[in-house]
Each structure stands twice: as C-alpha cells, then as structure tokens.
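To start, the structure under review is shown below, and the notes come after it.
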C-alpha cells in the first residue's frame, strides 16, 4: 500500500508537457503513476461522447454500422489492455503451493521463494500489449477504408514505433526486476550457508526478506499496470485525432495528418527518466479536444494544426513558497542584480525590497545621501513601509557625516535588530534613544566613539529592548549608578557587554551582573577603579561560558583573584581572551593560575604589567598551539630567554607586541623566524634592535612572508636597507611604523607616509613616519630604485664593504686591498676631524656628547688592544700540559656565554687560577661577546648604509665612538688582570692566563679588523656625502641668489631701456628659473653672474641648513607623487593613523 500511495502522489506532482503539434509532448510517458481503471475508462468514454464529432449522415444503415463498429472497437480495446485477470494472489511467493501469510514457516525454502518471483513473464506481457495494439490499429484501418495507401503506411509505422517503445519500457522493468532478484538470491544463499533455521534472528531476517519480495512484486505489478494505462491513453488520443482528420477530409478541408505528430511524441519519450504523467495526459487530451473543436468550427480550407495554441508555460519559481524564493534571491552576490526583478510581480517586489532594506549597504557619503532621500519620506508617501523592513543599520563608514538630524530619520524602525554607530562622534544620546524606542527585537547596539552617552540610552534599552544581547558603550562616564542597575536588571539575555571608564561601576553592579545575566560570554569593564577582587571572583565563578574578559588599568586586581578562583572552579574551558593591561599589582603567580584554569587560551594582553617576568612567558608556553596573540608592552623585565621559550612552544602565534621591552635584543628577532603564521610585530622603542637582527629575521623567514603590520618606531639604529629587504619579503605588508627612525626622516621618503594626526604637536609631526595601504607599495617601489641591487639579505658584509671601496676607485692598479686600506686610512686620518665636524653631530638633541670623536685615534686602531703585546717571559709549557689545561676549559661558555646558562655561575676559562681571577676572566669573556655583537651590528649597519645615499649617520657615529670606548675599557680590565697575575708570581696562575690568551688572541684581532674596516667605510661614506651636500648647498644658494639678481636686473632694464618685457610676478620667475635649471644644470654655471653671487654672503635659516646636512624633511615641502600638497586635516586619515599607532604601542601618544 505504501508503494501505491507513493506512486499516486508522484503522479499528482507531474509537470505539463509541451503539446505543440509539431514537437510532441516531452517526456510525459516516463513516470510511474497510479490510476483507477474505472475512473480512467469513464473519463475516456465521456471524452468520446463529448468531443468525438458525429459522422456525416449518408444512410441510416451506414451510421448504425459505424456506431456498432465503434462499440465493438472500444470493448475490444478495453479487453486487450485489461490486466485484471492477473490476480495479486497468483503473484505472491508461495510455500508448498499455499500463499504465505504473516506466520511464516520455520522451514527455509529459498529457491522456492525465488521461483515465485519469476511468476510474471515479461515476454507474455509484451505479446499481449502488442496484440492489443495490432488489433486496435487493424480496426482503425477497417473503420477508415477511404484512407490513402500512404497514410495507411503512416499508421503502420506508428504501430511499429509504439511496439518498439513498449519493448524499451519492458526492458527497463526487466532489468530492475532482475537486479532485485539477484540481490534477494544472494541474501538467500547467505542465509542458507549460515544454517540457523531455529534461530530467532534468522526468522526475523526471513520476515524482512519476504516483505522485500512482496514489495518488489507490487512495484513491478504497478509498473506494468501504469504502462498499460499510458499505452491506452496514447491509442485513445490517436483515435480521436485520426477521426477528426477523416471528418475534415470528408468536408474537403486541408488538414495535416496527426500521425506524424504522434510519432514524434513517441520517439521523444525517454524510458530511463521519470517525468510527469497526470498533467501530460491532461495536455494530450486538451490537444485532441482543441483539434476536434477547430475542425468543427472552421469549415474553411486552412491548416487546422497551425491554429492549435501552445499552452503558456508556468514559470517554475512562481510555484515555490515565498520563503524558498526569498532564500534564492538572497543568494545573489550583488544586490543590485535583483533590482532588475522588481517588476516581475508584486510578490517578487515585496521580497526584493525586504532583501535590499534588511541591511542597507552604506559605505560612503553618496550612498548615505541616496538612502536618506528615501528615509525622509513618510510611510504614506512610499509604496512600502521601508522602516519596518530595516533590521540592521551600520553607519561606521560614514560616521563623520552622521548627525542627530540624519539619525532621527530612522525613528520608527520597529524591527531593528542591530545598530552600529562606531565613530559617529557628532551624535548624541537623544536620537539614539528615539531610534531604539519600541525595538522589541533589538539584539545588539554598538556606540563606540559616541562622546556624549547619558542615562536615556540605558533606560530605553531596559524598557523597550528585553532581547538585547550585546551592548558596547566605551567611555560611559556620565551614566549614573541607577541607570546601570536598571539596565542590568532588565537584560536577562545579555551576552556581550562593554561599559568602560565609569566610576559608578562597582562591586555591587558586578555581582548584580553575575546574578542577572548568566549568559554572558564577553565582559569588558576596563577603567573601572572601584571594582575589586571580591566581585570579580563571584562573576567568574557564575559565568561558566565566559569567552572574553577584560579588566584593565585597575590597581585593585591582585594575585588573590585567580588564586582564589582556582579553589572554587576546576577550569574555565571556554575562556579564549583575557586582558589585564595596566593591572600593575599582578605578578607571575596570576599568569600561572590563568594558564592552569584556561588551557585553551588564545589571546593574552598584559601590557604595562611591570611585575611580569620571564616566568610568565614560561607558563604561557604551556598553552602550545592554542596561543595566537601576546601583548607585553612596557613589561621591562622580559628578556630574550623568555621570548625564546614562548616562541619555541607556541608556533601558531600571529600577533606579538613587546613595545618598550628594552631588554630585548636581536635574539628576539631571530626567534620570530620560528613563527610561520606571524602577521603583526610590535617592537616600538626596542632600542637594541639593529640592522643585523632585522636582516637575519628576514633571511630566516624567507620570501612571501605572512607579515601584514610591522611597528618599529623609535628603533633608531635601523637604516634603510633592512627595511627595503623587509618590504621585498612581505608582499602582504599593509602597515609600517617608523616614527623617529632618523634614516627615514628625509623628504624623498616621508612624502609617501600618512599625514600626522591633527592633535599632534609640531615636534611630534616632525618625527611622525607611518606608511599604510598604498603608501607601503609606493615606498617599496621607491626603495627598489634607491637601493643598490643585492641577492637578498644573505650577502657577505665584508664583501659589501670591500665592493664599496672598489666602487669609489680607491684601489690603484697592482695594489692589494691591504695596501690600499693602509693608504686610504692614512688619508682619512688627516681628514677625519673635518669630516666628523662637518656632520654637525653636536646639533643633534639627545646625543651623549661625552663620547667625543677626538678621542678616537684612528691611526692606532690596531693597537687598541695592547694586552696581547705583553708577554710572560720565562713561562714554558709542553704540548701535553697545554692540552691538559685546555681540556679543563669550558669551551661552550667561551663560545656563547649567553646561552641557556646561569649568568651568576662562573665556568673555568683560565684553568689553574684562583676563583677570583677566574671570575674576572668570565666577566671579561661576557664583555668580549657583547663587544663582538656590537661590532657585528655596527658592521651590518655600515654595510646597509652604503647601499643608500644621504642616510642619517649620527647614530652610527655615536655607535662607533661608544664601541671604541668599550674596546678601551675592556683592554684596561684585561691589562689589570694580567698585571695582578704577573705580580703574584704564581706559575699556575700565569699558565692558566696563557691558556686564556691562546684561546682569545685571534678573536680579538678579528674584532679589531672588522671595526677598522667599518670605520673606514663609514668615513668614506661621510666624505662622499659631504661633498655632494656641499654642492647641493652651493646650488641652493646660487638659485636663491640668482633669482634675486634676476629680479633686480629686470627692474633696472624695465626702468632704463624698457626694451624687454619680463613677467614681474615672482612666482612666474621662480617657475621659469626652475624649468631652465631642470632642463640644463650647466646653464646656471655659464651665466656670468653665477660666480659673482658667491662673493656675497647669504643667510640660510637653521631649518634649511639642517635639511641640507641631515636630510630631515621640511614641513612646508612635503609633497605627494603628483606634487600636490598633502592635506593634513583629513579627519578619517588622522583618526585612523592615531588609532593604528595607539594600538601598536600603548604609549604611542607620548611621541
């Protein structure tokens, strides 16, 4: 019965075919349907009586004979295709000749059951069907004796095609039947092999198997029955059409034989697909009736078949429910595409308008103006009430253009679910309250950036918005305690809350929040100084689903909070983010408790927690791959060791910020190379970062890096070349902060940076240097042209310095590099004082002038370490004794004293000496490696410097002087230890010190050579730049002086001779002079008056002189690529700039 019902339902869902006479019904015969035989026969008889035309009356006998023949024909046709004789009982599987019932026998007879399924002979069915078709067609030929022979051949062809199609249907049924039989047979064999006839499980399986067989037979029976009905319908419709055709022929009308159309219809049937039956049969009957009616009503001799109209197709989408249609239209990517469909129908218009106004797309002022033009109208003036369709409003991108007036137009949006007013600084609380009034479906409100937030917003939410789930209101200073309490009490569904900078937020409200809002997953109550550990303990205990927790700049928070929490709850599995920035009283104990409670923590913000040490980083390393963001700005006690442990364990970190962590060195940059998913680096004011560390990090991370934002402001030791390599390795880089990095404060580079925020002071504007967006791409392109080509940051530093010397043609033919260096050094030593003085280094603010360059004796740099010139006379050691003492030396410490060792522990570096002397030598080893690192950094910086001309060298000169003084101090300490050992007269002490000298003499000599070569290149670079800068200074003076002289000469000529008419406008003269100078620089020197002007002194302002000397930009000369002055009053850019800098460094506002 289930199969019958399914077939019946399927037949009712069939689609109408195409009934054009020349095309035929498409796929109307290819589905299974269940029809009642009696109803079908009655319908056919009714159709025959009502639509069949009467034969023209010739004689009563002829009419009677034809009527009798028709009755005989109908009876014969019904008998031929009647399968009622095939009884259901004869088709069911039997057991010993008896039909099976629900009480199956325990005797298992699989073969007998399978044979019962083969009771239907498909060949017999095919023969019966074809016999019926043949008889029916033969009767047609007898009843229509006047048909020409050609048309009789068409009838015969139609019969053959019908028979072929019947055979195809039966083959499909037979294949399906055999497939089912084979599957059942396999199951029978499996059961037979098991031999568990008495098993209840086997009996249960047999019951299921028999039901499957019965279902298969029912399905097969229904398929054959449906096929009979389909063939019957074809024959009936063909008969009616052929009768009508014959009557038309008798009347003398020219009509088309319908046999061809029926042949096309039969050939178009696909027996392998399932299509509509019921509607297809109805369309076929409609065609027959229309054909006959046209024959009776149109006696003229025209082609009747051409007047049969095609049934207008039904648009499929119109049959879908409105909800489904809404989902389909909403899937279009571009919303403006669906605007074209507004005129399809009223239903479509309503759905499309709802989609368009559900979340209006407002990203720029033009879109806002267009949207407001509609919202200014009342609901009576518009076709639809658009306010009721709006559910989400976001004005974050047009915040500067939103005021109270514009927001008031949205009052009445009763179905509003989300309202976002981020950075809408001109809006007050009154229109916000008006918009929210009556919004009972409201879920989220974000008014970040609203300066004036009062009680009415909180009261409105408490009264009209019981479903609110998210409320973000930073800087809620003016909200009273009562309003806060009222809002919390009436917001039981609250999940996300952000109320900051409110002194009324105290322990009572926090506890109320824990009791009334148990669904909270995000809590942000930063800058709430009256909240203490006790209330937060209750809050964290109740909120088991908490994911994000922020409580910053609160000195009341101590280690007791999370230590007590560990005693109350076992864990906080949902916690993903914690922000305790500015909570200065927490220590490493808090971090340990947090890690134990929240093992899946992803984001940790501990900026300005000054008591945090490396121990916290060791604890955070337990989070492993879960950790993604770490912020340790102003955590001064963090060192490279803690960073190394953190990065080695947490390799999926994406964002790091160590701003103002002054103890971090280049080793931290090396460790950053182990983070393959790193996107953001914050190292603002990490003054120990140098070119060497940055180049190594870029080299280790490789090309196509994932970095997107890099903050290196106040890293004053960086030069242009490592930044160039960083840009070339990071194609995704969109933000680069280099504020107060002297090498980048030059007009040709700062022209690509963003304008400084409007609230910055003049000094802050001078050092501001931030590149973002297109500025980063322009900077990369400019540095490509500015920097000497290199094959990545792996180029040997010594090779770079040597090539620079060769590029200046300072090595003569046949002269070795050593000889050339000695000659160059001799020449430079004579000019060093003048070169260094010309840099104007003493004018640099903040530079320590105690390290005077006059103290550097460049002529005797090779003798800076005089300790190894001192010899120990009379001390002799055999090779066995030397090897024995060498075995006692801790060579690991000598090679790297800063590896994972205790700095306070002393290792053997001078075997045989006492503990005090060995401790002194350990200290000297550490100092030597610090010196070596400084010289390596200095060497890399100089190598980077020579790649780009006119870089700021003041800090390199300072580094050079400082390194020289370190060398002097280290030499003094070594000489003092040697003197003490020699005066002691202890042979063992002297032998131990000789072993140390044996290990380190070559290292010290190598250090001196690196320093010497770097100082030579640096001085050559300064000399070359000073020469060019002097030339530029002369050209500037000449240009200004020439313009002044030209104006005087022009005035004199006009007054005296009035011969030449020269433009008197000063700006025009300047432009003319500029164009002339740009066209040919030599024209200026060819002017007789050019050299005369150098005889006069011309005043240059200090700013101009500083620009010429140091490459600093002039604030009045900042230009963009199109030589247009940058507008520094752009509010969006200024706000964005200030936000980026502030987000990168908590104290960036103290520029």
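The backbone N, Cα and C atoms fix where each Cβ goes, and this holds for glycine too.
Looking up 31, 300, 621 in Swiss-Prot for phosphoserine, the annotated residue turns out to be 300. Of the candidates 199, 528, 1101, Swiss-Prot records phosphoserine for 199; the remaining residues carry no such annotation there, which does not rule it out for them. Counting same-chain residues at least six beyond the ends of the repeat 'LRR 8' (583-608), those with a Cβ under 8 angstroms from any Cβ of the stretch are 550-559, 561-563, 565-566, 569, 571-573, 575-577, 615-616, 619-620, 622-623, 626-635, 657, 659, 1146.
Note on the repeat 'LRR 12' (686-714): mean pLDDT across this stretch is 91. Each residue of the repeat 'LRR 8' (583-608) gets a DSSP state, and the totals for helix, strand and coil are 10 helix, 3 strand, 13 coil. Among 450-475, 686-714, 715-740, 686-714 has the largest number of CB pairs under 8 A with the repeat 'LRR 10' (635-660). Listed by sequence, the residues of this chain that lie at least six past the ends of the repeat 'LRR 9' (609-634) yet keep a Cβ under 8 A from its Cβ atoms are 580-588, 591-592, 595, 599-603, 641-643, 645-646, 648-661, 682, 684, 1145-1147. Secondary structure of the repeat 'LRR 11' (661-685), assigned with DSSP and counted as helix (H, G, I), strand (E, B) and coil, comes to 7 helix, 3 strand, 15 coil.
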